[in-house]
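Per TrEMBL, transmembrane segment is recorded for 38-60, 66-88, 129-148, 192-214, 272-292, 307-325, 374-399.
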Amino acid sequence: MSRNNIANLKSSYRWTKLNFDIVGSWPSSSSNIGQFRAFINSVLITTLILIPRFSALYYIKNYLDGVVFNASGNLIYIVSIIKMFVIFKNQKVLAKILDDILSEWNNSLENSNYHVVEKYANISKNISILSLLISWTVCVMGCLAQRYSNIEIDDSVERHPRLAEDMFWVSYFPYDIHATKIIFALHWTLQAYASVVGATIYVAFDCYCCFLILHLTGQLTILQIDLRNIHLKYKSKNYNTNNLQSKLKKIVKRHHELIQLSVTLEKCFNKVLLLQLLTCCLTFASQGYLMIGKLIRGDMTFFQTEFAVAYTTYTVVHFYFLCYAGESLIQTSMKIGFAAYEAEWYDLSTNEGKLLMFVTLNSMRSLKITTGKFAILSYELFITVIRTSLSYLSVLLAAKDSKS
């Protein structure tokens, strides 16, 4: 494998690594400084966004739109902190997986299989770039919306000297942040920084999940190719029973390794993916509720519309990426059994047939990534989430109509 090809494959996670490096959460066996930075970022998100914004709920409790916007926005940052904790908890495991991937690319990837790995690497890279663009778009639109048409405040909100309406987010602090311009500028800058960090880690985690799942899918595809071509070994002039059995043993061993990798990914990510599923449902419903309500009243500004659309797209699209990766894994793992059947197994010897049977039996259960053992990442789950979100939205609108 040429250096250019290896460099091209490494570019598949370059943008994801960049996002992780911003917050100091890139999984590595030697990243003590990065871990400290990740801890500081978690503290900033908690003390400058979550606590002040939840405290502000008391003063905006009579303004339903503000409450919905506040609560739905905080969900993203709560999930982001949990994602940082998951990366920290599973750092050694994830670092080893990445080291194994790099070792495969450098040492054992054949030139004939490069196009397969390149295909999924390019998909991962495109997901990372698109995710980064969406993330920064949401940050910019959120800043403009809060600055020029704050959706969290109206005339029904109880004013309080400590309620900072001119911060990046409407926040309550137990002290006067307007005492001096320097104190206010410091708080505003740190809150804006924490907001960007929270949005970035939310995106980076999803991109990293997609990268690992799609890599696994690519390796299963290579296994399919090896199985389909196995019969060519004994039809060639250089056919040797021992060599063929050795090749089959390698395939069985490799299939088992890929199954174990899927189990490891499932253990690392399934719980936080359940939280992301719930976040996607609630965000879609809450932002839809705000948009429809304001459009009906005719007081929806341009910046509010743009931010609501961008924010909803931000959560829904990233969940779709995960479902796409999960669906690819399911479909590819199921095709392993069909590939074994296409290998002209009926011409193999008894011992060779037994080895092929191991692969067939192991492929009877498709590999999958679940959301807390609750549901399987797939296209079906994505459609179910959208339907459920629309149901929640209709309930919110019905409740609002009954009150009015």
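Including glycine, each Cβ sits where the backbone N, Cα and C put it.
Any TrEMBL annotation is an automated prediction that lacks curation.
As a quick check, the transmembrane segment (307-325) and the transmembrane segment (38-60) miss the bar of 3 or more Cβ pairs under 8 A, pairs 6 or more apart, so the two do not touch. Taking residue pairs at least 6 apart in sequence, the transmembrane segment (129-148) and the transmembrane segment (38-60) share fewer than three C-beta contacts under 8 angstroms.
Taking residue pairs at least 6 apart in sequence, the transmembrane segment (374-399) and the transmembrane segment (66-88) share fewer than three C-beta contacts under 8 angstroms. Cβ atoms under 8 Å from those of the transmembrane segment (192-214) belong to residues 12-13, 15-16, 19-20, 22-23, 25, 41, 44-45, 48-49, 76-77, 79-81, 83-84, 86-87, 94, 97, 120-121, 123-124, 127-128, 131-132, 134-135, 138-139, 142-143, 168-169, 265, 269, 272-273, 276, 314, 318, 321-322, 324-326, 328-329, 369 of the same chain, restricted to positions at least 6 beyond its ends.
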